[in-house]
Amino acid sequence: MATPLFHGSIVALVTPMTHGEVNYEELKRLVEHHVQAGTHGIVSVGTTGESTTLSIDENVKVIKKTVEFADGRIPIIAGTGSNATSEAIILTKLLTNSGVAGCLSVVPYYNKPTQEGMYLHYKAIAESTDLPQILYNVPSRTGSDLKPETIGRLAEITNIVGVKEATGDLTRLPLIKKLAGEDFIFLSGDDATGLESMKLGGQGVISVTNNVAAADMAKMCELALAGKFDEAEAINQRLMALHHDLFIEANPIPVKWAAYKLGLISEPNLRLPLTTLSEAAQPTVLAALQKAGLI
């Protein structure tokens, strides 16, 4: 089977900010960093990119700037999710002809739709665009779980091409493959189980860890895709503390602080209601960076 466009180590990119405003010069440097490190794709303004605290205009500008900075060297996936179907459609349409390779759309959060509601939500979005759509299931944040059976139904829609599955439940992967078909792209949204999902046939990881360990994550995923799981596991074990401790507080709080400590961004700050990593948690994240050999 040919390698799909969306595969390997895909970074859920942080959005750098200075004094509360998006810093586009730093964003340009981050994109270049990932191109040079071998990252296989970038998710722009997903959860890690603080999509919920950016305005629609800011979302679109950050995504378009990311595409501009990438200059065709790496596929850009746009975070376009909303818990209002109409808003998700608006954001998706605003990216027509923008150069994005596809869209990542989170399960509607807070309002807890039924499985039929989720199906109709994604169907309406897909029918509004020609852009490839990736479903994003993260029940710990949304309060709703997109079931494998619903994913199977959605896979019948031509431009719904894959899923980011962030439950960490590896039993779902073979079931989703069975229901959605072997060509349906399965991307782990859980760094701690990402390599295990690739051993079971997943095509890659949409990764938070990649923000601070881009070259390692790219190499690990390349080894996994080549079936060299022992070598991939050696890298994975070195990064395992990061996989866990970058979630010691709500993402992207720890990873922004970690990126700041590594000099990748100039400020660790986020927009309210998110706050900078607490002093109590900082030694844990610092130790994880040390275990990974990054400092």
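Including glycine, each Cβ sits where the backbone N, Cα and C put it.
What you see is a predicted model, and the numbers here were worked out from it, not measured in a lab.
Per Swiss-Prot, the features are:
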type: SITE; residues: THR47; note: site 'Part of a proton relay during catalysis'
type: BINDING; residues: THR48, ILE206; note: pyruvate binding site
type: SITE; residues: TYR110; note: site 'Part of a proton relay during catalysis'
type: ACT_SITE; residues: TYR136; note: active site, proton donor/acceptor
type: ACT_SITE; residues: LYS164; note: active site, schiff-base intermediate with substrate
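Geometry remark: LYS164 (active site, schiff-base intermediate with substrate) versus ILE206 (pyruvate binding site), CA distance 7 Å.
Cα of TYR110 (site 'Part of a proton relay during catalysis') to Cα of ILE206 (pyruvate binding site): a span of 23 Å. Cα-Cα distance from TYR136 (active site, proton donor/acceptor) to THR48 (pyruvate binding site): 13 Å (rounded to the nearest whole number). Across the structure, THR47 (site 'Part of a proton relay during catalysis') and ILE206 (pyruvate binding site) place their CA atoms 11 angstrom apart. Using a 10 Å Cβ-Cβ cutoff, THR48 (pyruvate binding site) registers 23 neighbours. Secondary structure at TYR136 (active site, proton donor/acceptor), as computed by DSSP, is strand. Secondary structure from DSSP puts THR47 (site 'Part of a proton relay during catalysis') in coil. Look at ILE206 (pyruvate binding site): DSSP puts it in a strand. In the shown protein chains, 9 other C-beta atoms lie within 10 A of the C-beta of TYR110 (site 'Part of a proton relay during catalysis').
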